[in-house]
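*Asks:* Pasting the relevant annotations from TrEMBL:
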COMPBIAS  712-725  compositional bias 'Polar residues'
DOMAIN    123-616  domain 'TRAP C4-dicarboxylate transport system permease DctM subunit'
REGION    702-725  region 'Disordered'
TRANSMEM  20-41  transmembrane segment
TRANSMEM  80-100  transmembrane segment
TRANSMEM  112-131  transmembrane segment
TRANSMEM  138-156  transmembrane segment
TRANSMEM  189-209  transmembrane segment
TRANSMEM  221-242  transmembrane segment
TRANSMEM  307-328  transmembrane segment
TRANSMEM  411-429  transmembrane segment
TRANSMEM  449-476  transmembrane segment
TRANSMEM  604-622  transmembrane segment
TRANSMEM  654-671  transmembrane segment
TRANSMEM  677-694  transmembrane segment
Amino acid sequence: MSDSLQQELKKFELPTRTDFPWVGKAITTMGVILSLLHIWFNTLSTLPELWISATHFAGFAIICALWYPAHISLKKSKVALAVDIGIALAALACLIYIPFAEDALYERGVKFIASDWFFSILAIAIVIELIRRTMGWFIPVLILVCLSYVVLWGQWTSGIFHFPGLSLETLLYRSFYSSEGMFGSISRISWTFVFMFILFGAFLVRSGVGDYIIDVSRAAAGKVIGGPGFIAVIGSGLMGSVSGSSVANTVSTGVISIPLMQKAGFPSRFAAGVEAAASTGGQLMPPVMGAGAFIMASYTQIPYVDIIAVSFLPALIYFLSVAFFVRIEAKRSGVQKVTSGCEPLLKVLLSGWHNLIPLAVLVTLLVKGFTPTYAAGISILSVVVASWFSKNHKMGPKAIIEALSQGAKNMATTAVLLVGIGLVINVISTTGIGNTFSLMINSWANGDLLVMIALIALASLILGMGLPVTAAYIVLGTLSAPALYKLIAESQLLDLLVSGQLPEQAKAIFMLAAPDKLDLLNAPMALETAKEMIALVPADFVETLLEQSLGLEAISLALLSAHLIIFWLSQDSNVTPPVCLTAFAAATIAKTPPMRTGLMAWKIAKGLYLVPLLIAYTNLVSWDVTSVLVTGGFAIIGTYAFVAAIEGYLENKINLLTRAVLIVLGVALVWPDISVVIRLVCVALFVGLFIHTARQYDANQVKKESEDEQESLPQNEPDTVASSL
């Protein structure tokens, strides 16, 4: 990577204090200590969760305060450093205060004294300031708006957002001491699942897995048409399963894949768009999923291993959708196969077989039922052991210390962010505004699932302009998941009513709610009649009706589907202008216009919108493996049809009529109520179009080669006889 490109890419990184060597050493030491502490917290510790969460906050607050200056202009200022040392010490003081003050607070009947006021306000101020440094102004303003809503202006609003208010003392108690505040459930997710897997990723990278992933990607895709583009797709997917950061994915794999794509003949803007879209998918690829899987497990109470199991096929569909764009553009741009420089795949896989050991250990432990944190801890040890089989990346004490330190550095901004988001979630749960918001969007959607998904997509895009995707998912999941879950479950209930297949135990609820309409339940009915029947059930009985009608397994799947839809839609800000840092980072590498690159990435990342619709309307998320594979298989071919229709190109250029046919085929392949026989016919038609356009392409190539040969032949001399005449 050239020095100029490194300087350009640095604008996507936070400014750090590099002019004070002792600061770097202090942060390295602090990182090692924090990593070891967190390993202990997640394995042997019996400390109260409040104390652990406070330690988690204080430790990473110290790193953020020392490493990230308040402004880029202050990175060399000794005065600013002195102030930040004071902030770090203040965070440490908050940690020390909690164990000594907690019991005394409850002995006083939760009555604050001066020190309680001081340290609770101080902790909130510290987390707001550190988030401002590392994430910008949006989240601090959001936190202040939420906190002030509880104690100030909520009581002056009218309508559904009216809140009678709480005292400042109550708010501070709930924010600082309770299990719902800054040291509550979100913080616990941070110091358990999120930290352990980020540390696991740091160890993997230090052991050379990143190089191995690139080598495997080159070997797997390098010799096919469009190979460099497929390298970006495969490499970003595999790297994303380790790092869970789209911008980090873009920078790490893009500096290799984008120049390769440009050299092979792909347009530069397309190359950058592919890298951005593929890197965004890294946050959707199990096992890490950008911390989303851990938060989802906490929200839904569905085991983490089940979440990553059902998330694999949707992620695969997304990456294949990006690969289809690559294939089509490769054919259109005349990108040729790479004929040299690629090792055989089997040889590459075997040469780095030891790199697969940690992932095998992780998957095995998760399948065996061990907790994710325990599995991550053992997997970290397996990384070290596996590295000893490597020629170039053996991990000794120095490498282990570097990995421990890097893991803590990678976690610092996320830890502070999640602690701060805990304050927002506390306000949402305290005020009930989450239920209010759910009722509001349900009213706007008017019972239409597609409209609700569109509203959530719009909200996620707006939130994503100021929030990282994890924070956007947490906020949106808290606000809108209940309404989306209810609508998904009710749509399944409507299907039962319309088909006349409502279970007998569910009919008993209608016996109480609408005894005069029981006869209607014994036969199929119109959709409008079914909606009227559900409307007759009192709100307090709706959840019971859903459980009796659908069963607990279907209910849990509906809840998981709602969260997966929101999580997927939360990713769109990575590739959607005007704020799409992942696309901007790719544009920097490709030297293309940022906004136009963002639009290209947005087009290529269409799977972000298709997959949530598949989750909502089909059996893509289900425990029935056969149903999932059938749905997924047809969805993959349908996705290819959609991509070809968007691009106006399959194996060769296609006309408007063919594009319309492909759209119809794509819809039929993903539509939930179409029979398997009709879908198979659609597959046959698509294959026929594919073969037909491939033959057209081959014929055009032969014609072009013939014309090129004719042009390259030397011109015949003028006929001498004719000349003499």
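Placed from the backbone N, Cα and C atoms, the Cβ positions cover glycine too.
Note that this is a predicted model, so its numbers are computed, not measured.
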*Asks:* For the domain 'TRAP C4-dicarboxylate transport system permease DctM subunit' (123-616), what's the model's average pLDDT?
*Replies:* 88
*Asks:* Quick check for me: are there 3+ Cβ pairs below 8 Å between the transmembrane segment (189-209) and the transmembrane segment (449-476), leaving out pairs under 6 residues apart?
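*Replies:* When sequence-distant Cβ pairs are counted, the transmembrane segment (449-476) does not touch the transmembrane segment (189-209), since fewer than 3 lie under 8 Å.
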*Asks:* Run the contact check on the transmembrane segment (604-622) against the transmembrane segment (307-328): 3 or more C-beta pairs under 8 Å, excluding pairs closer than 6 in sequence.
*Replies:* yes
*Asks:* Establish whether the number of Cβ pairs under 8 Å between the transmembrane segment (112-131) and the transmembrane segment (411-429) reaches at least three, counting only pairs separated by 6 or more residues.
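*Replies:* Result for the transmembrane segment (112-131) with the transmembrane segment (411-429) is yes.
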*Asks:* Please identify the stretch among 80-100, 138-156, 449-476 with the greatest number of Cβ pairs below 8 Å relative to the transmembrane segment (411-429).
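*Replies:* The listed stretch sharing the most Cβ pairs with the transmembrane segment (411-429) is 138-156.
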*Asks:* Which sequence-distant residues neighbour the transmembrane segment (138-156)? Criterion: at least 6 residues beyond either end, Cβ under 8 Å.
*Replies:* 124, 128-129, 131-132, 162-168, 171, 175, 417, 420-421, 423-424, 427-428, 430-431, 433, 465-467, 471
*Asks:* Any residues 6+ beyond the ends of the transmembrane segment (677-694) with a Cβ under 8 Å from its own?
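*Replies:* Counting only partners 6 or more residues beyond its ends, the transmembrane segment (677-694) has Cβ contacts under 8 Å with 634, 637, 640-641, 650-652, 654, 658, 661-662, 665, 668-669.
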